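A.B. asks: Below you will find the structure I want to go over with you.
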Amino acid sequence: MNNLNLSTQFIVHPSGTLRGVLRVPGDKSISHRAMMLGALANGITQVSGFLEGEDTLATLAAFRAMGVHIEGPHQGQVILHGVGLQGLQPPTTPLYLGNSGTSMRLLAGLMAGQSFAVEMTGDSSLSRRPMRRVTEPLTTMGAQIETTAQGTPPLRIKGGQRLQGIDYHLPVASAQVKSCLLLAGLYANGMTCVTEPAPTRDHTERMLTGFGYPIQRNGPQVCLSGGGQLQATSIEVPADISSAAFFMVGASIATGSEVLLEHVGINPTRIGIINILRQMGADIHLHNEREIGGEPVADILVRASSLHGIHIPEEQVPLAIDEFPVLFIAAACARGETRLTGAEELRVKESDRIQVMAEGLQTLGIDAQPTRDGMVIQGGKIQGGVIQSYGDHRIAMAFTMASLCASNPIIIEDCANVATSFPNFVYLAKQAGIDIQLKVTGN
Ligand SMILES: O=C(O)C1=C[C@@H](OP(=O)(O)O)[C@@H](O)[C@H](O)C1
Ligand SMILES: C=C(OP(=O)(O)O)C(=O)O
């Protein structure tokens, strides 16, 4: 996000192969949760590998605004002087959360349990995103929250309410809603249980365990009781598989490529990208598998291969939810038809990722037909063209990878938000062999 009326373009020329050893930045989901739990723990939490992206910095700034002393970030190191679950101070201004849905939805759960009122705002994209999915169950727990008439931000949370535990069945597979309710449950009377319709990322559950908070898992259900304490710990954040995904697809589609992605989180609830690409014929090997701070990690070796279209299994959708923009690029470069169904959630991300990706692929000469809940893509020859990313970081990075199969340059508009999740994307892309220029113009 910038507020100086600057416009940021990527100009990407077709280039040959992707090569090298790359370490992409820290996992966004884990970085957010490390700030939240570290701030609310008793004692000092040391975090390394923190993602210094705009989204996670928004979460960090929110806790500073509520009186938490936080040192850093400095080269991914953050030291949080936890204030305990009851130790936050009322912020003096609304909490501005930029582009970050994760910040707003998870903080909604935490803020519902505070004794003071909070207002949370965001940029134009976040201000369009649906919040009833969190405000409705939080209201059932006893919270008092106002949204716009459309159920979008700003959120005004009254505070000072006694929350009651809830037994909630998620209507959509969403880790943000699950996490929001578990975090509210820390402040609730009795037990809070959340049942998910399909597995979603479980970083909140793993990290709560790491902070010594008892949780019970029973198949699709996870429960905790309010009234406990978080004990400070140290956290090493692995590299983000959602950022690595761009290079996994890039290396798969660019002839002669070989890329080693180091220290990437391979939590089973996040590896849809590996499962789907392998089913399409990708050459992906995991090396040096290990566990770090309760999260599995590996080095991922990807070599070029000849991809073919598939019908993406629906159970993989929540496990790859942020990777579909770049998976659509893989599909455009694959032989035959790729069909995605069961992914209507893509319509309510930073942009409508079904519509925006279909539009961009069509601009590049690909037959991509959007459907209510997915897309049908015929692999083909990618031409050059000018793509609108609509300020969505993952759209901008996905079309950068399309250049590896393109016949002519691709210009991508409105790319500043790449800094929300992957601030050094252009640098790493260049290092790996992509011919990318960043052009910033004033208007
Ligand atoms: O919990 C999280 O950290 C996230 C959950 C996902 O959102 P949903 O829960 O809305 O699917 C994902 O798209 C987002 O980037 C991060
Ligand atoms: C959907 C995303 O993030 P958020 O919901 O936190 O804005 C994303 O990073 O792709």
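Heads up, the Cβ atoms here are built off N, Cα and C, so glycines get one too.
The following feature annotations were taken from TrEMBL:
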DOMAIN    13-426  domain 'Enolpyruvate transferase'
BINDING   Lys28, Gly101, Arg129, Gln176, Arg353, Arg394  phosphoenolpyruvate binding site
BINDING   Lys28, Ser29, Arg33, Ser174, Gln176, Asp322, Lys349  3-phosphoshikimate binding site
ACT_SITE  Asp322  active site, proton acceptor
A.B. asks: What is the one among the binding-site residues Ser29, Ser174, Gln176 whose Cβ has the most other Cβ atoms less than or equal to 10 Å away?
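C.D. replies: Of the binding-site residues Ser29, Ser174, Gln176, the highest Cβ count within 10 Å belongs to Ser29.
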A.B. asks: Look at each of the binding-site residues, Lys28, Arg129, and point out the one with the fewest other Cβ atoms around it within 10 Å.
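C.D. replies: Counting other Cβ atoms within 10 Å of each of the binding-site residues Lys28, Arg129 gives the minimum at Arg129.
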A.B. asks: Can you list which of these binding-site residues (Ser29, Arg33, Ser174, Gln176, Asp322, Arg353) have a Cβ closer than 6 Å to ligand 1?
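C.D. replies: So the answer is Ser29, Ser174, Gln176, Asp322.
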A.B. asks: From the Cα of Lys349 (3-phosphoshikimate binding site) across to the Cα of Arg129 (phosphoenolpyruvate binding site), what is the distance in angstrom?
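C.D. replies: Lys349 (3-phosphoshikimate binding site) has its Cα 7 Å from the Cα of Arg129 (phosphoenolpyruvate binding site).
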A.B. asks: Please check the binding-site residues Arg33, Gly101, Asp322, Lys349, Arg394 against ligand 2 and give me the ones with CB under 6 A, sequence order.
C.D. replies: Gly101, Asp322, Lys349, Arg394
A.B. asks: Look up Lys28 (phosphoenolpyruvate binding site) in the DSSP assignment and report helix, strand or coil.
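C.D. replies: DSSP assigns Lys28 (phosphoenolpyruvate binding site) to helix.
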A.B. asks: Tell me, how many other CB atoms lie within 10 A of the CB of Arg33 (3-phosphoshikimate binding site), whichever protein chain they belong to?
C.D. replies: 27
A.B. asks: Counting across all protein chains shown, how many other Cβ atoms sit within 10 Å of the Cβ of Arg394 (phosphoenolpyruvate binding site)?
C.D. replies: 28
A.B. asks: Rounded to a whole angstrom, what is the C-alpha distance between Arg33 (3-phosphoshikimate binding site) and Gln176 (phosphoenolpyruvate binding site)?
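C.D. replies: Roughly 11 Å, rounded to the nearest whole number.
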